[in-house]
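A.B. asks: Sharing a structure, written as C-alpha cells. Questions coming.
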C-alpha cells in the first residue's frame with residue numbers, strides 16, 4: 001500500500017513539473033561478465049543448441065522517479081526498454097548499432113518535461129532459449145538485477161558506474177542531455193535561432209536570446225534606428241533608418257513641420273506658426289518691424305514703427321522727405337535781407353551782406369537816421385545796438401519802406417468781383433447779380449415778382465426761374481398751356497384751341513371726344529344728302545327727335561305716379577282730430593249699432609284717455625304697410641244680423657275709423673261660424689298674459705294689415 005502511494009506521488013510530482021521542455025536520458029551498456037554462465041538461482045543456463053551453461057543474455061531497463069527503496073516492479077515512470085539478445089555469458093557492447101539492427105547503444109529515454117535531477121534505475125540481465133522469446137515476467141530467466149538511485153545534472157559528460165553481484169559484473173555509463181534548441185538545468189529553456197519577421201537572434205549557452213547586430217527587444221524584433229533619431233517622433237523598419245512620423249521632419253525627425261504658408265514663424269509642435277519678433281498675422285507674413293527689416297530712413301534719421309508695414313522717419317537737421325532722402329535748402333526761404341546772398345550749409349546757411357549792412361541775416365544797417373534812409377514817408381528811429389528801423393505808413397513795407405503793399409493781393413473780393421487798389425484802400429467791382437462791400441450778397445431777382453398767374457419764383461445767380469401752376473407755361477408763366485400741344489385728337493383729326501379747352505374736328509368716319517371711335521357707314525341716301533351741303537342736317541334733326549321722345553316718356557311716368565298716389569289716399573277722419581278711446585274704440589265708434597259683449601268695467605284699465613287717432617296716409621308713403629294688424633281683444637259679439645250684415649261689414653272695411661267695429665264683427669262671425677269663413681283666411685297671432693296679474697287680458701293680433709289700430713290693454 002505504501003509503495004503504491006509513493007508511486008502516485010511521484011507521478012503527480014512529475015506532472016506538476018511538466019513544462020514545454022525536451023531532453024534525453026542516455027544509458028550506455030559497456031560490458032557484462034558472467035564467467036560461470038549461471039542464472040540468478042545458480043542454475044545452469046540450459047536450452048537451445050549451444051553448449052551447456054551458456055546464457056543467451058538480453059536486458060530489461062526500467063527508469064523511474066527517485067525512490068528511497070527502489071522497487072523493480074512497474075510502472076517505469078520515466079520509461080523502459082527491452083534489448084535483443086546481446087551476447088552469451090560475458091561480452092562487451094560497442095557504441096552504436098553493431099550487434100543487432102534493433103538495438104542502438106546508448107539506450108535513449110526522451111523527456112517531455114523538465115529534468116528533475118534525480119532518478120531510479122533498474123537493469124535486469126535475462127536469459128532466453130530463443131531470440132524471439134524476450135518475455136521478462138518469468139523470474140527463472142533472471143541472471144542478475146541492478147537497482148540504484150542517482151543525482152544527475154544535465155551535461156554532455158558521461159557518468160561511469162560498475163555493478164558487481166559476486167557472480168556477474170555490469171559496467172555502464174549514463175548522462176542527461178537536452179534536445180536541440182533546449183537549454184537550462186532542466187532543459188526547460190527553448191531557443192531556436194532565427195532571422196525573420198519573428199526575430200533576429202542566436203542562442204547562448206544557457207538558451208538566452210542574443211540579438212543580431214542592429215536589433216533589440218525581447219525577441220529581437222525591434223530594429224535599432226539611426227543614432228540620434230528621436231524616439232517619440234521617429235521610427236525605423238530596418239536597422240540604421242530614421243523615418244519621421246506625421247508632422248515631423250529632418251534627419252533625426254526632431255524638427256516640427258510648420259503650418260502651411262507660414263513665412264516668418266516657428267513651431268514647437270506640428271502645424272504651429274509662432275511668429276518671430278517683428279512679424280504678425282496668421283502666416284507671420286505681416287511686417288510689424290519695418291524699420292529693422294528694411295531700414296528705410298536715410299542720412300542718419302531715426303526710424304519708428306507705427307503699425308503693420310508703416311513707419312516714420314525723424315530726420316536730422318538739414319534733411320527732409322518721407323525717408324529723409326532730401327537735403328533741405330536753408331536758403332529757399334531767402335533768409336538774407338537787404339540784398340544779402342545766401343550760402344547753403346549742411347544744416348544751416350550763411351548770409352553775405354552787401355556794403356552798409358551786417359548781422360546774421362544782414363538785418364542791421366551801418367546807416368543811421370541822420371542819413372534819411374526811410375522812403376515814402378516812413379518814420380526812422382535809431383536802434384540802441386546800432387542801425388535804424390523804419391516805421392512804414394499804411395500801404396508800404398520793406399526795411400526802408402521802399403515796397404508798396406498791394407491791398408488786392410489777398411483777394412478780398414468774392415464771387416468773381418474785380419479788386420481795384422486805391423492806395424490806402426481798395427474797391428470791389430461786383431459781377432452782375434451780386435452786391436455788398438465784398439460782393440458777397442446775391443441780388444434777389446424775385447423781389448420784383450416776375451412770375452405771373454400765381455407762379456412760384458426761385459432765385460438764382462443773376463437769374464430766376466418760375467414754377468407755373470397748371471394751365472400756364474413760359475419763363476414768366478404768362479402763356480396759357482395749349483391743350484393741343486400733346487395731340488389729344490386721334491385718327492388724323494384737327495385740334496382747335498377754345499380758351500382752356502380744345503375741340504377735335506374728326507375726319508370722315510370717326511367720332512368721339514378725341515375722334516377715337518370708328519363710326520358705321522351711313523345709308524347711301526344719307527351720304528348723297530350729306531354731299532349736297534356741308535352742314536350735317538340729318539344728324540342734327542335725329543338728335544332733336546330723340547331728345548323730344550325722352551322728355552315725353554319722362555312726363556308720362558310722372559303723371560302715372562301721381563294718379564296712383566291719389567287713388568290710394570285715405571278719406572278724412574270722421575271722428576275729428578282728438579278723440580277719447582276705450583278698448584281701441586273711439587267715441588264715434590262706440591255709438592254704432594253693434595251689439596258687443598264687453599268685459600266688466602272692474603276689469604278694464606283705461607290706458608288711452610286721449611290719443612290722436614290718425615293713420616299714415618298713402619300719399620306720403622306709397623308702399624306703406626300697417627304697423628299693427630287688426631286686433632281682436634276677446635270681445636264676444638252677438639251678431640243679430642244676417643249675412644247681409646256681414647256683407648255690409650265687408651263693404652265698409654275700407655273705411656278707416658268708421659269701419660273698426662264692422663271689422664271686429666266680421667272676425668267674430670268668422671270665429672263663431674265655422675262654415676261661413678270668408679274665402680281669404682286671415683291668420684291670427686294670440687298673445688296671453690300671466691294669470692297672476694290683476695288685469696288679465698288676451699290679445700289676438702291678426703296678420704291683416706290695418707292702418708288705424710291703437711293699442712289698448714284690457
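Every residue gets a Cβ built from N, Cα and C, even glycine.
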A.B. asks: Labelled transmembrane segment by Swiss-Prot, one stretch among 538-560, 561-583, 584-606, 607-629. Can you tell me which?
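C.D. replies: When 538-560, 561-583, 584-606, 607-629 are checked in Swiss-Prot, transmembrane segment belongs to 538-560.
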A.B. asks: If you look at how Swiss-Prot annotates this chain, which of 456-502, 644-690 comes out as region 'Disordered'?
C.D. replies: 644-690
A.B. asks: For which of the residue intervals 707-710, 711-714 does Swiss-Prot record region 'Interaction with MAGI1'?
C.D. replies: 711-714
A.B. asks: If you count Cβ atoms within 10 Å of the Cβ of residue 267 (disulfide bond), leaving out that atom itself, what do you get?
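C.D. replies: So the Cβ neighbour count for residue 267 (disulfide bond) comes to 16.
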A.B. asks: Could you tell me the C-alpha distance between residue 315 (disulfide bond) and residue 362 (disulfide bond) in angstrom, no decimals?
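C.D. replies: Distance (Cα to Cα, whole Å): 29 Å.
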A.B. asks: I'd like to confirm something. Which of the recorded positions, 267, 439, 476, has a Cα closest to the Cα of residue 220 (disulfide bond)?
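C.D. replies: Going through 267, 439, 476 one by one, the Cα closest to that of residue 220 (disulfide bond) is 267.
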A.B. asks: Could you round the CA separation between residue 211 (disulfide bond) and residue 203 (disulfide bond) to a whole angstrom and send it over?
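C.D. replies: With the alpha carbons as reference points, the distance is 9 Å.
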A.B. asks: Where residue 324 (disulfide bond) and residue 392 (disulfide bond) are concerned, what is their Cα separation in Å, rounded?
C.D. replies: 42
A.B. asks: Sorry to bug you, but what's the C-alpha spacing from residue 369 (disulfide bond) to residue 430 (disulfide bond), rounded to the closest Å?
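C.D. replies: The Cα atom of residue 430 (disulfide bond) is 45 Å away from the Cα atom of residue 369 (disulfide bond).
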A.B. asks: Cα distance, residue 439 (disulfide bond) to residue 392 (disulfide bond), nearest Å?
C.D. replies: 30
A.B. asks: Looking at Cβ-Cβ distances, which residues of the chain lie under 8 angstroms from residue 401 (disulfide bond) while being 6 or more apart from it?
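C.D. replies: For residue 401 (disulfide bond), the qualifying residues are 374, 375, 376, 377, 378, 390, 392, 393.
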